[in-house]
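Listed in TrEMBL for this protein:
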DOMAIN    74-186  domain 'Trafficking protein particle complex subunit 13 N-terminal'
DOMAIN    194-306  domain 'Trafficking protein particle complex subunit 13 middle'
DOMAIN    325-415  domain 'Trafficking protein particle complex subunit 13 C-terminal'
Amino acid sequence: MRLSRPSLRPDPAALLRFDPRDVFLPEDALTSPDPSAAADFLQGLLHPPDSGAATTVPGDFTFRDRFLLHDTADALAPPGLLVLPQAFGAIYLGETFCSYISINNSSGLEAREVIIKAEIQTERQRILLLDTSKSPVESIRSGGRYDFIVEHDVKELGAHTLVCTALYNDGDAERKYLPQFFKFTVSNPLSVRTKDTTYLEACIENHTKSNLYMDQVDFEPAQQWSATILEADEYPSVVKSTIRDLCKQPILIRAAGGIYNYLYQLRPSSDEPGQIKTEGSSILGKFQITWRTNLGEPGRLQTQNIHSTPTPSKDVDLRAVKIPPVIFLERPFMVNLCLTNQTEKTVGPFEVFLAPSVSGEQKTVLVNGLQKLVLPLVEAFESINFDLSMVATQLGVQKISGITLYAVQERKYYEPLTDIEIFIDAE
(Lines of atoms letter the chains of each structure in order from A and count residues from 1; the text may use other names and numbers.)
(Lines give C-alpha, C1' and ligand atoms only; values in the text may rest on other atoms or scores of the structure.)
Protein backbone atom coordinates (compact mmCIF):
# COMPACT_ATOMS: atom_id res chain seq x y z
CA MET A 1 0.00 0.00 0.00
CA ARG A 2 1.04 3.60 -0.41
CA LEU A 3 2.45 5.23 2.70
CA SER A 4 1.16 8.76 3.22
CA ARG A 5 0.38 10.91 6.20
CA PRO A 6 -3.11 10.89 7.71
CA SER A 7 -5.47 13.83 7.45
CA LEU A 8 -7.32 15.78 10.12
CA ARG A 9 -10.95 14.89 10.69
CA PRO A 10 -12.92 17.93 11.86
CA ASP A 11 -15.90 17.44 14.16
CA PRO A 12 -19.06 18.48 12.24
CA ALA A 13 -20.80 19.51 15.45
CA ALA A 14 -17.92 21.76 16.45
CA LEU A 15 -18.37 23.82 13.30
CA LEU A 16 -21.73 25.05 14.67
CA ARG A 17 -20.46 26.14 18.08
CA PHE A 18 -20.76 29.76 19.13
CA ASP A 19 -20.02 32.03 22.05
CA PRO A 20 -23.34 32.91 23.78
CA ARG A 21 -22.04 36.41 24.55
CA ASP A 22 -22.17 37.13 20.81
CA VAL A 23 -25.86 36.18 20.70
CA PHE A 24 -27.52 37.41 23.89
CA LEU A 25 -25.46 40.42 24.95
CA PRO A 26 -25.11 43.82 23.29
CA GLU A 27 -21.76 44.73 21.75
CA ASP A 28 -20.75 47.04 24.62
CA ALA A 29 -21.77 44.69 27.45
CA LEU A 30 -18.26 43.52 28.31
CA THR A 31 -16.86 47.07 28.11
CA SER A 32 -19.54 48.54 30.37
CA PRO A 33 -18.65 49.87 33.89
CA ASP A 34 -20.06 46.69 35.48
CA PRO A 35 -19.32 43.71 33.16
CA SER A 36 -19.96 41.25 36.03
CA ALA A 37 -23.65 42.15 35.96
CA ALA A 38 -23.81 41.15 32.30
CA ALA A 39 -22.01 37.89 33.08
CA ASP A 40 -24.44 37.11 35.94
CA PHE A 41 -27.37 37.82 33.67
CA LEU A 42 -25.98 35.47 31.04
CA GLN A 43 -25.32 32.72 33.61
CA GLY A 44 -28.87 32.97 34.89
CA LEU A 45 -30.24 32.87 31.34
CA LEU A 46 -28.31 29.74 30.38
CA HIS A 47 -28.56 27.90 33.73
CA PRO A 48 -31.70 29.06 35.62
CA PRO A 49 -31.80 28.00 39.29
CA ASP A 50 -33.99 24.99 40.13
CA SER A 51 -35.54 25.52 43.56
CA GLY A 52 -36.93 21.99 43.72
CA ALA A 53 -33.56 20.31 43.32
CA ALA A 54 -31.91 19.48 46.62
CA THR A 55 -28.64 18.27 45.16
CA THR A 56 -26.65 18.97 42.04
CA VAL A 57 -26.13 16.01 39.76
CA PRO A 58 -22.59 16.00 38.34
CA GLY A 59 -22.60 16.24 34.56
CA ASP A 60 -25.23 17.80 32.34
CA PHE A 61 -26.98 15.05 30.36
CA THR A 62 -29.42 17.39 28.63
CA PHE A 63 -26.69 18.48 26.14
CA ARG A 64 -28.08 22.01 26.43
CA ASP A 65 -24.60 23.52 25.96
CA ARG A 66 -23.21 21.13 23.37
CA PHE A 67 -22.94 23.97 20.85
CA LEU A 68 -21.23 26.45 23.18
CA LEU A 69 -17.57 27.36 23.01
CA HIS A 70 -15.94 26.27 26.27
CA ASP A 71 -12.51 27.21 24.94
CA THR A 72 -11.39 29.46 22.09
CA ALA A 73 -9.60 26.50 20.46
CA ASP A 74 -12.98 24.76 20.03
CA ALA A 75 -13.73 27.10 17.13
CA LEU A 76 -11.03 25.34 15.08
CA ALA A 77 -12.93 22.03 15.43
CA PRO A 78 -9.90 19.77 16.05
CA PRO A 79 -11.29 16.70 17.91
CA GLY A 80 -7.86 15.05 18.06
CA LEU A 81 -8.77 12.44 15.47
CA LEU A 82 -6.73 11.54 12.39
CA VAL A 83 -8.05 9.66 9.37
CA LEU A 84 -5.85 7.10 7.69
CA PRO A 85 -5.72 7.25 3.87
CA GLN A 86 -8.84 5.65 2.43
CA ALA A 87 -7.59 5.54 -1.18
CA PHE A 88 -4.37 5.51 -3.16
CA GLY A 89 -4.74 9.26 -3.69
CA ALA A 90 -3.08 11.58 -6.17
CA ILE A 91 0.69 11.76 -6.70
CA TYR A 92 2.26 14.97 -7.93
CA LEU A 93 5.55 15.85 -9.54
CA GLY A 94 8.19 16.74 -6.95
CA GLU A 95 6.75 14.59 -4.15
CA THR A 96 8.36 11.52 -2.62
CA PHE A 97 6.41 8.36 -3.45
CA CYS A 98 6.59 5.95 -0.51
CA SER A 99 5.18 2.41 -0.60
CA TYR A 100 4.86 -0.28 2.04
CA ILE A 101 5.22 -3.73 0.47
CA SER A 102 4.51 -7.02 2.22
CA ILE A 103 5.36 -10.49 0.85
CA ASN A 104 3.16 -13.12 2.48
CA ASN A 105 3.66 -16.86 2.38
CA SER A 106 0.10 -18.16 2.26
CA SER A 107 1.11 -21.74 1.45
CA GLY A 108 1.62 -24.57 3.92
CA LEU A 109 5.32 -24.89 3.05
CA GLU A 110 8.38 -22.81 3.74
CA ALA A 111 9.76 -20.55 1.00
CA ARG A 112 13.55 -20.35 0.84
CA GLU A 113 16.20 -18.22 -0.89
CA VAL A 114 13.75 -15.44 -1.62
CA ILE A 115 15.09 -12.74 -3.98
CA ILE A 116 13.00 -9.58 -4.00
CA LYS A 117 13.15 -6.75 -6.53
CA ALA A 118 11.19 -3.51 -6.70
CA GLU A 119 11.53 -0.94 -9.46
CA ILE A 120 9.70 2.04 -10.94
CA GLN A 121 9.07 2.02 -14.69
CA THR A 122 8.27 5.22 -16.58
CA GLU A 123 8.05 6.02 -20.27
CA ARG A 124 11.74 6.98 -20.28
CA GLN A 125 13.56 4.81 -17.77
CA ARG A 126 13.63 2.09 -15.13
CA ILE A 127 14.69 2.94 -11.60
CA LEU A 128 15.71 0.13 -9.24
CA LEU A 129 14.47 0.69 -5.69
CA LEU A 130 15.31 -2.64 -4.01
CA ASP A 131 17.30 -5.72 -4.99
CA THR A 132 18.18 -8.55 -2.56
CA SER A 133 20.02 -10.68 -5.14
CA LYS A 134 23.31 -10.46 -3.24
CA SER A 135 21.70 -11.19 0.13
CA PRO A 136 18.47 -13.20 -0.38
CA VAL A 137 15.97 -13.67 2.40
CA GLU A 138 16.92 -17.06 3.79
CA SER A 139 13.38 -18.27 4.43
CA ILE A 140 9.78 -17.18 4.95
CA ARG A 141 7.86 -19.70 7.00
CA SER A 142 4.30 -20.76 6.29
CA GLY A 143 2.00 -17.89 7.30
CA GLY A 144 4.95 -15.55 7.67
CA ARG A 145 5.76 -12.39 5.77
CA TYR A 146 8.61 -10.10 4.81
CA ASP A 147 7.90 -6.35 4.86
CA PHE A 148 9.88 -3.48 3.41
CA ILE A 149 9.46 0.16 2.41
CA VAL A 150 10.63 1.78 -0.83
CA GLU A 151 10.84 5.48 -1.66
CA HIS A 152 11.20 7.35 -4.94
CA ASP A 153 11.50 11.08 -5.70
CA VAL A 154 9.01 11.66 -8.51
CA LYS A 155 10.67 13.65 -11.30
CA GLU A 156 8.57 12.68 -14.35
CA LEU A 157 4.98 13.25 -15.36
CA GLY A 158 2.64 10.61 -16.76
CA ALA A 159 2.17 6.89 -16.19
CA HIS A 160 4.34 5.07 -13.64
CA THR A 161 4.40 1.37 -12.78
CA LEU A 162 5.76 -0.10 -9.55
CA VAL A 163 6.99 -3.59 -10.41
CA CYS A 164 7.56 -5.99 -7.50
CA THR A 165 8.94 -9.50 -8.12
CA ALA A 166 9.80 -12.43 -5.88
CA LEU A 167 12.03 -15.37 -6.95
CA TYR A 168 11.99 -18.25 -4.45
CA ASN A 169 12.26 -22.00 -3.86
CA ASP A 170 9.03 -23.71 -2.82
CA GLY A 171 8.69 -26.80 -0.63
CA ASP A 172 9.68 -29.07 -3.53
CA ALA A 173 12.85 -27.00 -4.15
CA GLU A 174 11.34 -25.76 -7.39
CA ARG A 175 12.34 -22.26 -8.43
CA LYS A 176 9.28 -20.01 -8.87
CA TYR A 177 8.69 -16.44 -9.96
CA LEU A 178 5.94 -14.10 -8.73
CA PRO A 179 5.46 -10.62 -10.30
CA GLN A 180 3.05 -7.90 -9.22
CA PHE A 181 2.34 -4.59 -10.97
CA PHE A 182 0.92 -1.41 -9.44
CA LYS A 183 0.15 1.48 -11.79
CA PHE A 184 -0.33 5.15 -10.93
CA THR A 185 -0.23 8.49 -12.73
CA VAL A 186 1.87 11.50 -11.76
CA SER A 187 0.25 14.93 -12.26
CA ASN A 188 1.67 18.42 -12.26
CA PRO A 189 1.03 20.18 -8.93
CA LEU A 190 1.91 23.69 -10.08
CA SER A 191 1.80 25.74 -13.22
CA VAL A 192 4.36 28.52 -13.59
CA ARG A 193 3.52 31.28 -16.07
CA THR A 194 6.04 34.01 -16.69
CA LYS A 195 6.08 37.44 -18.32
CA ASP A 196 9.39 39.10 -19.03
CA THR A 197 10.62 42.51 -20.12
CA THR A 198 13.06 44.18 -17.75
CA TYR A 199 11.13 42.29 -15.08
CA LEU A 200 10.14 38.63 -14.77
CA GLU A 201 6.75 37.90 -13.24
CA ALA A 202 6.08 34.32 -12.11
CA CYS A 203 2.49 33.23 -11.43
CA ILE A 204 2.40 29.97 -9.43
CA GLU A 205 -0.94 28.15 -9.39
CA ASN A 206 -1.87 25.24 -7.11
CA HIS A 207 -3.43 22.35 -9.07
CA THR A 208 -3.70 19.97 -6.09
CA LYS A 209 -6.63 19.32 -3.76
CA SER A 210 -4.75 20.44 -0.64
CA ASN A 211 -3.16 23.69 0.50
CA LEU A 212 0.53 24.10 -0.33
CA TYR A 213 2.94 26.01 1.90
CA MET A 214 5.84 27.39 -0.14
CA ASP A 215 9.10 26.93 1.78
CA GLN A 216 11.26 28.14 -1.09
CA VAL A 217 10.63 29.76 -4.46
CA ASP A 218 14.03 30.74 -5.82
CA PHE A 219 14.83 31.94 -9.31
CA GLU A 220 18.27 30.84 -10.48
CA PRO A 221 19.27 33.20 -13.31
CA ALA A 222 21.38 32.13 -16.25
CA GLN A 223 25.07 33.06 -16.26
CA GLN A 224 24.55 36.26 -18.23
CA TRP A 225 21.81 37.58 -15.91
CA SER A 226 21.47 38.66 -12.30
CA ALA A 227 18.08 38.66 -10.56
CA THR A 228 16.65 40.55 -7.59
CA ILE A 229 13.29 39.66 -6.06
CA LEU A 230 10.99 42.65 -5.55
CA GLU A 231 8.82 42.61 -2.44
CA ALA A 232 6.31 45.00 -0.93
CA ASP A 233 8.63 45.95 1.95
CA GLU A 234 11.29 47.59 -0.18
CA TYR A 235 13.30 49.18 2.66
CA PRO A 236 13.12 46.80 5.67
CA SER A 237 14.96 47.59 8.87
CA VAL A 238 17.99 45.52 9.88
CA VAL A 239 16.20 44.03 12.90
CA LYS A 240 13.10 43.22 10.87
CA SER A 241 15.20 41.61 8.14
CA THR A 242 17.10 39.46 10.70
CA ILE A 243 13.88 38.26 12.33
CA ARG A 244 12.43 37.45 8.91
CA ASP A 245 15.46 35.33 8.02
CA LEU A 246 15.33 33.43 11.32
CA CYS A 247 11.56 32.92 11.41
CA LYS A 248 10.56 32.78 7.77
CA GLN A 249 6.85 32.18 7.36
CA PRO A 250 5.83 29.88 4.48
CA ILE A 251 3.60 31.35 1.81
CA LEU A 252 0.18 29.69 1.54
CA ILE A 253 -1.23 28.85 -1.90
CA ARG A 254 -4.73 27.54 -1.44
CA ALA A 255 -6.02 24.30 -2.93
CA ALA A 256 -7.69 23.94 -6.34
CA GLY A 257 -6.52 27.04 -8.15
CA GLY A 258 -4.87 29.26 -5.55
CA ILE A 259 -2.36 31.71 -7.08
CA TYR A 260 0.68 33.61 -5.82
CA ASN A 261 2.82 35.97 -7.88
CA TYR A 262 6.54 36.63 -7.63
CA LEU A 263 8.34 39.53 -9.31
CA TYR A 264 12.04 39.63 -10.18
CA GLN A 265 14.13 42.40 -11.70
CA LEU A 266 16.65 41.16 -14.27
CA ARG A 267 19.89 42.91 -15.14
CA PRO A 268 22.70 41.86 -17.49
CA SER A 269 25.61 40.41 -15.53
CA SER A 270 28.38 43.00 -15.17
CA ASP A 271 31.14 40.42 -15.44
CA GLU A 272 30.67 39.63 -19.12
CA PRO A 273 28.52 42.31 -20.70
CA GLY A 274 29.05 41.04 -24.23
CA GLN A 275 27.77 37.58 -23.42
CA ILE A 276 24.12 38.54 -23.52
CA LYS A 277 24.33 38.88 -27.28
CA THR A 278 25.62 35.37 -27.89
CA GLU A 279 23.61 32.34 -28.82
CA GLY A 280 21.47 31.05 -25.98
CA SER A 281 21.01 34.51 -24.49
CA SER A 282 17.23 33.97 -24.58
CA ILE A 283 17.59 31.68 -21.55
CA LEU A 284 16.72 33.65 -18.42
CA GLY A 285 17.03 30.88 -15.81
CA LYS A 286 14.85 28.40 -13.92
CA PHE A 287 12.90 28.11 -10.68
CA GLN A 288 13.62 25.89 -7.66
CA ILE A 289 10.38 25.35 -5.71
CA THR A 290 9.91 23.43 -2.45
CA TRP A 291 6.68 23.12 -0.48
CA ARG A 292 4.85 21.19 2.21
CA THR A 293 1.26 20.05 2.54
CA ASN A 294 -1.04 20.52 5.55
CA LEU A 295 0.74 17.89 7.64
CA GLY A 296 4.24 18.73 6.48
CA GLU A 297 4.71 16.26 3.63
CA PRO A 298 7.47 17.74 1.44
CA GLY A 299 7.58 18.33 -2.31
CA ARG A 300 10.22 19.71 -4.65
CA LEU A 301 10.05 20.90 -8.26
CA GLN A 302 12.55 22.39 -10.70
CA THR A 303 11.20 24.07 -13.82
CA GLN A 304 12.74 23.90 -17.24
CA ASN A 305 14.78 26.82 -18.54
CA ILE A 306 12.64 29.92 -19.02
CA HIS A 307 13.22 31.71 -22.32
CA SER A 308 12.68 35.38 -22.96
CA THR A 309 10.30 36.55 -25.65
CA PRO A 310 12.30 38.35 -28.36
CA THR A 311 11.06 41.90 -28.92
CA PRO A 312 12.19 44.06 -31.82
CA SER A 313 14.38 46.92 -30.62
CA LYS A 314 14.07 50.40 -32.12
CA ASP A 315 17.13 52.40 -33.14
CA VAL A 316 15.46 55.68 -32.23
CA ASP A 317 12.50 56.63 -30.10
CA LEU A 318 10.22 59.61 -30.77
CA ARG A 319 7.77 60.73 -28.09
CA ALA A 320 5.70 63.77 -27.16
CA VAL A 321 6.97 65.53 -24.04
CA LYS A 322 4.72 68.57 -23.56
CA ILE A 323 1.46 69.88 -25.03
CA PRO A 324 -0.22 73.17 -24.01
CA PRO A 325 -3.07 72.64 -21.54
CA VAL A 326 -5.30 75.11 -23.42
CA ILE A 327 -5.47 75.15 -27.23
CA PHE A 328 -7.63 77.59 -29.17
CA LEU A 329 -9.18 77.16 -32.60
CA GLU A 330 -6.98 78.33 -35.51
CA ARG A 331 -4.31 79.61 -33.14
CA PRO A 332 -0.79 78.08 -33.51
CA PHE A 333 0.51 75.99 -30.57
CA MET A 334 3.76 74.16 -29.94
CA VAL A 335 4.15 70.42 -29.37
CA ASN A 336 7.43 69.62 -27.63
CA LEU A 337 8.95 66.34 -28.90
CA CYS A 338 12.00 64.32 -27.86
CA LEU A 339 14.09 62.14 -30.17
CA THR A 340 16.35 59.55 -28.45
CA ASN A 341 19.15 57.57 -30.07
CA GLN A 342 19.08 54.06 -28.54
CA THR A 343 22.14 52.71 -30.37
CA GLU A 344 25.91 52.85 -29.86
CA LYS A 345 26.51 54.93 -33.00
CA THR A 346 25.63 58.36 -34.29
CA VAL A 347 22.42 58.48 -36.33
CA GLY A 348 20.77 61.11 -38.51
CA PRO A 349 20.03 63.53 -39.94
CA PHE A 350 16.22 63.22 -39.78
CA GLU A 351 13.11 64.83 -41.17
CA VAL A 352 9.88 65.17 -39.20
CA PHE A 353 6.61 65.70 -41.07
CA LEU A 354 2.90 64.98 -40.87
CA ALA A 355 1.99 61.94 -42.98
CA PRO A 356 -1.34 62.01 -44.85
CA SER A 357 -4.23 59.99 -43.48
CA VAL A 358 -4.38 56.40 -44.74
CA SER A 359 -8.18 56.48 -44.98
CA GLY A 360 -8.10 59.70 -47.02
CA GLU A 361 -9.95 61.73 -44.36
CA GLN A 362 -8.92 65.35 -43.96
CA LYS A 363 -6.85 66.02 -40.84
CA THR A 364 -8.18 68.51 -38.30
CA VAL A 365 -4.76 69.26 -36.73
CA LEU A 366 -2.10 70.41 -39.23
CA VAL A 367 1.51 71.58 -39.25
CA ASN A 368 1.81 75.36 -39.10
CA GLY A 369 4.53 76.70 -41.41
CA LEU A 370 7.20 74.48 -42.98
CA GLN A 371 5.82 71.01 -43.62
CA LYS A 372 9.16 69.30 -42.93
CA LEU A 373 11.36 69.92 -39.93
CA VAL A 374 15.05 68.93 -40.36
CA LEU A 375 16.88 67.54 -37.32
CA PRO A 376 20.69 67.26 -36.97
CA LEU A 377 22.80 64.18 -36.10
CA VAL A 378 22.15 62.55 -32.73
CA GLU A 379 25.08 61.07 -30.81
CA ALA A 380 25.01 57.58 -29.29
CA PHE A 381 22.47 57.28 -26.43
CA GLU A 382 21.77 61.02 -26.59
CA SER A 383 18.47 62.90 -26.98
CA ILE A 384 17.37 66.15 -28.58
CA ASN A 385 14.23 68.13 -27.86
CA PHE A 386 12.47 70.22 -30.51
CA ASP A 387 9.16 72.01 -31.06
CA LEU A 388 6.69 71.40 -33.85
CA SER A 389 4.27 74.24 -34.60
CA MET A 390 0.70 73.07 -35.24
CA VAL A 391 -2.78 74.51 -35.65
CA ALA A 392 -6.29 73.05 -35.15
CA THR A 393 -9.14 73.65 -37.60
CA GLN A 394 -12.10 72.20 -35.65
CA LEU A 395 -13.53 72.52 -32.12
CA GLY A 396 -13.88 69.76 -29.57
CA VAL A 397 -11.80 66.64 -29.01
CA GLN A 398 -9.36 66.13 -31.89
CA LYS A 399 -6.34 63.92 -32.58
CA ILE A 400 -2.78 64.77 -33.49
CA SER A 401 -1.94 61.86 -35.79
CA GLY A 402 0.66 60.93 -38.36
CA ILE A 403 3.81 62.61 -36.96
CA THR A 404 6.46 60.60 -38.83
CA LEU A 405 10.26 60.37 -38.62
CA TYR A 406 12.41 59.81 -41.72
CA ALA A 407 16.16 58.93 -41.69
CA VAL A 408 17.68 60.82 -44.63
CA GLN A 409 20.89 58.79 -45.15
CA GLU A 410 19.31 55.39 -44.59
CA ARG A 411 16.14 56.35 -46.46
CA LYS A 412 14.11 54.70 -43.76
CA TYR A 413 10.66 55.62 -42.47
CA TYR A 414 9.81 54.89 -38.83
CA GLU A 415 6.42 54.09 -37.39
CA PRO A 416 4.31 57.23 -36.85
CA LEU A 417 3.93 58.60 -33.35
CA THR A 418 0.94 57.27 -31.42
CA ASP A 419 -2.16 59.46 -31.79
CA ILE A 420 -2.51 62.21 -29.18
CA GLU A 421 -5.95 63.47 -28.14
CA ILE A 422 -6.36 67.20 -27.45
CA PHE A 423 -9.30 69.50 -26.74
CA ILE A 424 -9.81 72.56 -28.95
CA ASP A 425 -11.60 75.52 -27.40
CA ALA A 426 -13.04 78.70 -28.91
CA GLU A 427 -11.53 82.04 -27.96
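Keep in mind that glycine also has a Cβ here, set from the backbone N, Cα and C atoms.
The residues of the domain 'Trafficking protein particle complex subunit 13 C-terminal' (325-415), classed with DSSP into helix (H, G, I), strand (E, B) and coil, number 0 helix, 47 strand, 44 coil. Taken together, the residues of the domain 'Trafficking protein particle complex subunit 13 middle' (194-306) have an average pLDDT of 75.
Residue counts for the domain 'Trafficking protein particle complex subunit 13 N-terminal' (74-186) under DSSP, split into helix (H, G, I), strand (E, B) and coil, are 3 helix, 68 strand, 42 coil.
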